[in-house]
Every structure is written in C-alpha cells, then in structure tokens.
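Below is one structure; the comments refer to it alone.
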Amino acid sequence: MRKSCLGVLFVFNFILIRCELRKDPDYWAELASKELEEALNVKWNEGIAKNIILFIGDGMGPNTVTATRIYKGGESHRLSYEMFPHVGLLKTYSADKMVPDSASTATALLCGAKVNHNTMGVNALVQHRDCAASLKPGVNLESLAALALKAGKSAGFVTTMRVTHATPGPLYAHSPARQWECDASVPAGSDCKDIGRQLFEDFPGRDLHVIMGGGRQSLVPNATSTADDPTSTWACSRADGRDLIQHYRNDKQNRGLKYGVVSNNLELQNLNINETDYLLGIFANSHLQYENERNKGPEGMPSLTEMVEVAIKVLSKNSNGFFLMVEGGNIDMAHHRGRAKLAVNEASTMEQAVQVALKLTDKLDTLLVVTSDHTHTMTINGYPDRGSNIFGVIGPSRADGLNYTTIAYGTGGPGSVQYSVESVENGTRIVRQNPSNVDTDSFSYEQIAAVPLEENYHGGGDVIVYAQGPYAHLFHNVHEQHYAFHVLSYAAKIGPYSTGNAAQYNVAILLTALLSLVLLYY
C-alpha cells in the first residue's frame, strides 16, 4: 500500500485516521528483504517456449514506466511486469538515425535487423520510398509471425492503432515507406503493393489467426465518418475500390476456414471462440480512441485488455502454441500531443492487458516480454514530495518565482509553448506561464516543452525489456534492439534456431573450423 495509518485520534465523537507514507527503518528493510528473497529464488527456465507474447508499449520509455508506477500506486509500487525476474536495456537507434521512428524499431524487434528510418520489413539496403530497391531479391525480412506460422504455430497481433500502422506492419509487410498504408498513398505507376493489400493478400498476413485494431478507411472504399468514429486526415483513404475486409471473408470461405469478423464491443463479446480459428476485428476508421474517451457500450470500441483476452483464447486452441504481438499504441499518440497524463493512463491500460496475459498463460511454457520501440522526451523534474501528484506542480523556481510542473518535455507542439513576451521599462522580456493557474491534472493538459515543433518528437534513449518464461534470462544487460527477435526465436526454436536449422548451422561452423585448420597447416 502507498500509505500506512499510524494512529487514531478521537475528537468530538469523530474518528480521524492519520495516514502517512512510511519512512521507518523497518519499512525499507521489508522492501529490500522481499526483493532479496525474490532474487535468491530466481531459476533459469531452459524449456522450449511453446507460446510467445510480445507487448510493445509504443513510446513507453523508462520515464513513462516510472510515472505509470507512481500514478497507479506510488513510488514503492511495482507494475506487474516490473516483477518479472529478468530485465535488460535495448538500444533503439536505427540503421541511419540516432533517434528512430516506430517502423524501423518495430522491424528490429519483429524481424531481427536494424533498418532505415520509415521503412518496414526490408533490410538496410532499401532507402525510404525506394520502391525499386524494395523489390530486389534478398531484401525482404521474415518476421516472428512468419516463422511461427511456418513452425505450425498460430500467430496474430492486437493494436490500438490502424492495423496497417508502423508497429504491426513489419509482421507481414515489406515496404520502403510506412506511409504507403493504402493505394492512394503509393506513387502512381509504382510496382509496390500497399501495406493493406499485403496484409490481406500475401503470406504471412493472409494466414494470421488474429488481426485486431483500427484502420477501416485504409481497407475499404468510402469509409463512413461519424461523430464517435471520424475518418482521419493523417490516414490514407482507399481509392481503388477494393474492399479488403470482404476479401478476408471470401478468402476464408474459399479455404473452408472457421472465421469471424467483428466491428464493435457487442460483436466481440458475442464471438463464439470455439467456432473461430481466424479473427478479424476492425473497430475504427483510424486509430482506436483513448481509453478514457472510448464508448464502452455495445456499439463502441473494445479496450486493449478485452482484445488481448479474446486473442489469447483464439490462439491457445493450437496445441503447437502461438505468437502474439500486442501494441499499446496510444501511449505514443498521447506523447506526440504532449499530454503526459493521457500517455501514462494508456500505459496503465496496457499494464492491465499484461495482467490478463499472465492469468491466461503459464510461465513454464510461455515467454512473455514487455518492452518499447522507442522513448519520448518526457522528463520528471525535481523535487516534488514523495506521495504528491505526479501531474502536479512544484516550486517556486528561484529563477523566475513561478511554480513548474513535475513533468515536462524536451520538444512539443504549439500547446506546449508556454511562454509570452512582456513589455518592461527597458524593452521586453520572456515570461513563463504559471501552471498553478490551470488544471495540470487534466487528460488534455499539455506540459511545457523546451523546443517548439509541430508535435512532440521521439527520444533516442534506451528502453527497458522485461521478460518471464523460457530463456527470459537471455535478457540480462544492454542489448541491441534486434537482439530481442533472436531471443524469442531461440526460445521457441523457430526460424534460424529451429532444430534442423540449428544443426545445419553447427555443421557449417564445424566445416569452417576444419577448413581453417587445413589452410593453416598447408
């Protein structure tokens, strides 16, 4: 608990309970003893991972995790994945950028190689928007989903973003431009296929057992905009007349597969899982709404937790196991708006989905990994009191006499430019707005930023990786981001680490060593 009641005071027939944060020596000893006991009981699990679940909190850097922990239970609280026995750091730079985008970092996590900014599922020989280069033999990368399917497992993904967006895209698409989500965004005369078509027409997209998220307007012609679910000018709108959702239905019917297509809460809740081996859920024209804004009624959009629960139940029907990628994408969207509480609330929502995954799986045969693709420029500033509101104000500053917010950003959009020019006797001066005059605890409040841009940009710091299950101990220090792909593949013995491939790999190493000895001898 965050607070401890230290005494009871009787005053005028009222009972006043004084609750304070514990600071006594016994409290600190208890915390340390508990962690020491956990550490001493950690044992390596070297069994084969039947199932793999990879949670990607988009934009969920270490400071976002810290703020989420404090928001949910205080400084001494521990999130569910913070109790995983194995932790490491991932370096997030891409092949050509110090500070990356989501397509390149997701490709590193899901396909095992560093690639160029704004590209997905193709190696670093392909530059952004170079269609011709992306069509050359040997540049396409295989994803964890493709490897799982080839190994006889089920595979799928759940996201709060468009299903054609940057993070899920590398699971099934090979594109030199993350922006090519539908035909209207692909340059005229290009031989490249848009990301939406790749999802529904090509392997492995067409064979994924679970696809859930948003993005209807990139999949069907003339998507209908409503007050609760508007179309987005940031997203691509299909112009070629193709209805890819109907294509999905036709494909599954022609192959005699048991499938379901759902579009709202009611349809998802009424889904007969026993009769569903393939599930498509498209719940919004663009991205799904933030958790605090979504319509929770029958016609509304499901939460990430609800989607994850159904996804695991569908995928678990395969006795060979499954691979599932889960993206908490609205963390990133909120950070781009500079709205820290909104981002942290979305990170809290993703943590609830992790809890559901823990309940529905067994750590003995399921490798569960929680990480992020990149950070944001959010900071937690000194020196607020322990137990205070993480979204509150502190101060005053000795420099200008004004209070300041505990959270701030390095970069931000117009709403984060909280300075004005004031006339003074000898000219003008720049004056910082006083945050004490506004509601900094609002979901819509935009914290101050140092550098004004059109929106908050990504950060370039390392992200944390938390792991539990078979071979989770392979996350143990500072790693390259694409190392995660290799750990997950190795744990499940798929792709390059399958039994046959591993044997061939070992033989190749032996032959190389023998050849070296022969050359050395002669």
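Heads up, residue numbers simply count up from 1 along the chain you see.
Glycine residues also receive a Cβ, built from the backbone N, Cα and C atoms like all the rest.
Predicted, not measured: the structure shown is a model, and the values here were computed from it.
What TrEMBL annotates here:
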SIGNAL    1-21  signal peptide
BINDING   Asp58, Asp332, His336, Asp373, His374, His458  Zn(2+) binding site
BINDING   Asp58, His165, Thr167, Glu327  Mg(2+) binding site
ACT_SITE  Ser102  active site, phosphoserine intermediate
TRANSMEM  503-521  transmembrane segment
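The distance from the Cα of Ser102 (active site, phosphoserine intermediate) to the Cα of His458 (Zn(2+) binding site) comes to 9 Å. The distance from the Cα of His374 (Zn(2+) binding site) to the Cα of Glu327 (Mg(2+) binding site) comes to 13 Å. Same-chain residues at least 6 positions away in sequence with a Cβ under 8 Å from that of Thr167 (Mg(2+) binding site) are, in sequence order, Ile56, Asp58, Ser102, Ala103, Ala106, Thr159, Met161, Glu327, Gly329, Asp373. Least packed by the Cβ count within 10 Å, out of the binding-site residues Asp58, Glu327, Asp332, is Glu327. Distances between the Cα of His165 (Mg(2+) binding site) and those of the binding-site residues Asp332, His336, His458 are shortest for Asp332.
One way to see the shell of the Mg(2+) site is to take the Cβ centroid of Asp58, His165, Thr167, Glu327; the remaining same-chain residues with a Cβ within 8 Å of it are Ile56, Ser102, Ala106, Thr159, Thr160, Met161, Ala166, Pro168, Gly328, Gly329, Asp332, Asp373. Sparsest Cβ environment among the binding-site residues His165, His336, His374, His458 (other Cβ atoms counted within 10 Å): His336. In the structure shown, across all protein chains, Asp373 is the one of the recorded positions Ser102, Asp373 with the greatest number of other Cβ atoms within 10 Å.
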